[in-house]
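Peer 1: Quick one: the structure is below, questions incoming.
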């Protein structure tokens, strides 16, 4: 035989990766770049599943997966590589990837990424943020800046998503774009607003593509290609035209708290990542009742004495609702600036009635209750919302 297999690929790898090696920008050189790379993906959920699958399929030499969570029923519509409830997500993907491509090395971390264990990122070439909460995004960004690692980050909500490459070739970091975290009431997660599985799948697949592109950019034969995603963001929206577009983003900021020449943040202080992102604290003057008390009120319900308000959005209210509850969305209540505007939302004689407000988890209902109370209404909030009602009163009430 005259064949030369000193290329760095094994014989079966030619068969496995042959179709992508035929692409001129990849070839043998690009495939070796994949094989020699080390990539860490933080989050094994809706974004992580497709991203990890395509990175593994492409032949990334060493792939790390970080996720402390376990698989739940509500995950399965979008986290399509999982099939066993109760199993740690990182471990679940280890099983999948081991079958998909046994040629690659896998590192599994079933812990949450924190300031204490941030060093696990140090040995990887590229970091992929597939998390779904604000605190994690800031932490991952700061680790990447301090360790000089490129970061591929994405997010998806409802029917839209976005993706960008950060901390790359003197480009901006996450804090350049978002210097301060959003207020809790402005921080929206898919658990509250929903997400279409195929949309988050598109974004996760794009993340994998961007990782592979970064690796191919290191190949000499691709050195003359324009870096089309430098200082830009990819936007995806299912019902807009075009569905995918690219927009410019802010460049690296001279006054950035962490990536500027004289940064305020020089180490990973845990206090930098301890900010509220979901739960709304209950004001001391708000009266709250338990779900069991609501059941008693329902049993003796008198429409002349009691007004029951469900302040979820109409889409959620249409999924399921409790008897005798009127749907008045929190957004409409919050928008009212005067008592007259608020009266237009409520039934007549609402001022004379005892008002009970409920929402899905007990967050928006606190804010709605506070607003109604400020305008003189007699109002109480149901602690824990419909989730508590289902858990403590009626197990047949659906939870979504």
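Counting starts with 1 at the first residue shown.
Placement of Cβ uses the backbone N, Cα and C atoms for every residue, glycine included.
In case it's useful when we look at the structure, here is the feature table from TrEMBL:
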| type | residues | note |
| --- | --- | --- |
| ACT_SITE | 190 | active site, glycyl thioester intermediate |
| ACT_SITE | 359 | active site, cysteine persulfide intermediate |
| BINDING | 46, 67, 74, 75, 76, 77, 78, 132, 133 | ATP binding site |
| BINDING | 173, 176, 256, 259 | Zn(2+) binding site |
| DOMAIN | 302-398 | domain 'Rhodanese' |
Peer 1: Work through the binding-site residues one by one (74, 76, 173, 176, 259) and name whichever has its CA nearest to the CA of residue 359 (active site, cysteine persulfide intermediate).
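Peer 2: If we rank 74, 76, 173, 176, 259 by Cα distance to residue 359 (active site, cysteine persulfide intermediate), first place goes to 74.
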Peer 1: Does DSSP put residue 173 (Zn(2+) binding site) in a helix, in a strand, or in coil?
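Peer 2: SS state of residue 173 (Zn(2+) binding site) = coil.
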Peer 1: Rounded to the nearest angstrom, how far is the Cα of residue 133 (ATP binding site) from the Cα of residue 256 (Zn(2+) binding site)?
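Peer 2: Their Cα atoms are separated by 21 Å.
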Peer 1: Work through the binding-site residues one by one (176, 256, 259) and point out the residue whose CB has the fewest other CB atoms within 10 angstroms.
Peer 2: 256
Peer 1: Count up the helix, strand and coil residues in the domain 'Rhodanese' (302-398) according to DSSP, in that order.
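Peer 2: Summed by class, the stretch gives 41 helix, 17 strand, 39 coil.
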Peer 1: Which state, by DSSP, holds residue 133 (ATP binding site): helix, strand or coil?
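Peer 2: Once the DSSP labels are grouped into three classes, residue 133 (ATP binding site) ends up as coil.
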Peer 1: Give the sequence-ordered set of same-chain residues, not counting 173, 176, 256, 259, with Cβ within 8 Å of the centre of the Cβ atoms defining the Zn(2+) site.
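Peer 2: Those within range, site residues removed, are 145, 167, 172, 174, 175, 252, 253, 257, 258, 260.
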Peer 1: Looking only at C-alpha atoms, tell me how far residue 76 (ATP binding site) is from residue 176 (Zn(2+) binding site), rounded to the nearest Å.
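Peer 2: Spelling it out, the Cα of residue 76 (ATP binding site) and the Cα of residue 176 (Zn(2+) binding site) are 34 Å apart.
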Peer 1: How big is the gap, in Å, between the Cα of residue 173 (Zn(2+) binding site) and that of residue 74 (ATP binding site), rounded to a whole number?
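Peer 2: The Cα atom of residue 173 (Zn(2+) binding site) is 32 Å away from the Cα atom of residue 74 (ATP binding site).
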Peer 1: At the Cα level, what's the spacing in Å between residue 46 (ATP binding site) and residue 259 (Zn(2+) binding site), rounded?
Peer 2: 29
Peer 1: Can you work out the mean pLDDT of the predicted model over the domain 'Rhodanese' (302-398)?
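Peer 2: Summarising the domain 'Rhodanese' (302-398) by its mean pLDDT gives 96.
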Peer 1: By a 10 A CB contact count over all chains shown, which of the recorded positions listed here is most packed: 76, 173, 359?
Peer 2: 359
Peer 1: With every protein chain in view, what's the tally of Cβ atoms within 10 Å of the Cβ of residue 74 (ATP binding site), excluding that atom itself?
Peer 2: 12
Peer 1: Given the binding-site residues 46, 78, 133, which one is most crowded in terms of C-beta atoms within 10 angstroms?
Peer 2: 46
